[in-house]
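As given in TrEMBL:
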type: DOMAIN; residues: 19-416; note: domain 'Major facilitator superfamily (MFS) profile'
type: TRANSMEM; residues: 89-106; note: transmembrane segment
type: TRANSMEM; residues: 118-139; note: transmembrane segment
type: TRANSMEM; residues: 151-170; note: transmembrane segment
type: TRANSMEM; residues: 177-197; note: transmembrane segment
type: TRANSMEM; residues: 246-268; note: transmembrane segment
type: TRANSMEM; residues: 280-299; note: transmembrane segment
type: TRANSMEM; residues: 311-336; note: transmembrane segment
Amino acid sequence: MHFAAGKCGFEELRPLIHLLLPLCVHWIAEEMTVSVLVDVITNALCSQNTTCPQAIYFNGTEQTIVGIFKMVVLPLLGQLADEYGRKPLLLLTVSTSIFPFALLVWDQSKGYIYAYYVLRTISKILSQGSIFFISVAYAADTVQESRRAAVFGWITGLSSASHVVGNLLARFLPEKYIFVVSIVLLMFCPIYMYFFLHETVKPIPKNDEEPNWLSKTVNVLNRRFRTMRDAIEIVIDNPTLRSITYVSFFLNLGMTGITNVLMFYLKAVFGFDKNQNSEILMLVGIGSIFTQMLVLPLINPLIGEEAILCLGILASVAYALFYGLAWAAWVAYLAASFKVIYVLARPAIYAIVSKASSSSNQGKAQGFVAGVESIASFLSPLVMSPLTSWFISSDAPFDCKGFSIVCASICLVKHF
């Protein structure tokens, strides 16, 4: 019985091979830069100070700006994916990461780090979150509703597997080659998609009857406004979508804040370097592969997406508390292990949104939820960045360097 279910899962994945292959390469290319970026940025901005408050503030500012623009951009990308097809939007979003990393191949001095932050901010506005939800909409076009949760679990599991491979490359490649290899892999993705990825949505026909560019512009803006209003109504009028949007907001508010400061916190408190950061990321990645690709398809028919989501939220609370109260370096590894369970929340959310949406509104619904999550991404750095910098400094009012992460756990328990 389980073998038959697994075989069915592989059959469902077969039409997605030309989507999943370039996505895995893209995730590998991005992940292999994560652990080394901490050292590169810290060395460029404050080479004599391991706590580097400038880097924490820059990351917080970047995340805030990204969150502001994503509130509008992600729902818009969801609408465009429904109207003009998944493929052109995927080509756009996977291409944006090439340019900021190309700068770091050229030079890693302070001026180039500033330029990197500008380009990376633009890249994240267009690609952070959108690649995943457009891919989920693409999968929903080809997969039966009853199999979507398992397939979404496989997609997030492959993402975790890609993160493991990326961290292995970061662990063993010389630092001077990491960004070069990353650029080559990032360039491969849009080229492969252009030639091999098939469209699943019939684009709306172009209307060239408008007499001039001004009329065309007004009509486009009116259509975008109407579509945005329709997306809001779809979510508000559906109790399931309304509830999952609320849950996603607070979950993202807490976890985004933690992710934004975590590596700088570990470097400042426990002296973690590139290798230790890679070890933690690999620990999470390997465990996430197991839970998302093997455990999720087995337990989903038994307990459902809602119970899986609750399990993931509880794990996120433990994740935050253990990191925030960590008294030794090994506790950080223990805290990381809870993320292996927390990652189940993401495919559960995708499945709940997908089931509650019609086939013609997959992009709109997923994009709207992602847009609400981006509000959380905008808000969390406003508190987390200054609070983290304050408590890891010598001016902290009391000795709890992870106090900001403990505070983030409050957002995570808000669901209950």
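Using the three backbone atoms N, Cα and C, a Cβ is placed for every residue, glycine included.
Note that TrEMBL annotation is computational and uncurated.
Looking at which of 89-106, 118-139, 151-170, 177-197, 311-336 has the most CB pairs under 8 Å to the transmembrane segment (280-299), the answer is the stretch 151-170. A Cβ distance under 8 Å defines the sequence-distant neighbours of the transmembrane segment (118-139), meaning residues of its chain 6+ beyond its ends; these are 16, 19, 23, 26, 62, 65-66, 69-70, 73-74, 77-78, 81-82, 86, 89-90, 92-94, 96-97, 99-100, 103, 148, 151-152, 155, 159, 200, 350, 354, 362-363, 366-367, 369-370, 373-374. Sequence-distant contacts of the transmembrane segment (246-268) (same chain, six or more residues past either end, CB-CB distance under 8 Å): 34-35, 38, 42, 50-52, 55-56, 59-60, 63, 276-277, 280, 309, 313, 316, 319-320, 323, 332, 342, 345, 349, 369, 372-373, 375-377, 379-381, 383-385, 388, 392, 401-402, 404-405, 408-412, 414-415. Sequence-remote contacts of a segment are chain residues at least 6 beyond its ends whose Cβ falls under 8 Å from one of its Cβ atoms, and for the transmembrane segment (89-106) they are 19, 22-23, 26, 29-30, 33, 40, 77, 80-81, 112, 115-116, 119-120, 122-123, 126-127, 130-131, 134-135, 138, 179-180, 182-183, 186-187, 189-190, 193-194, 197. Mean pLDDT for the domain 'Major facilitator superfamily (MFS) profile' (19-416) in the predicted structure: 80.
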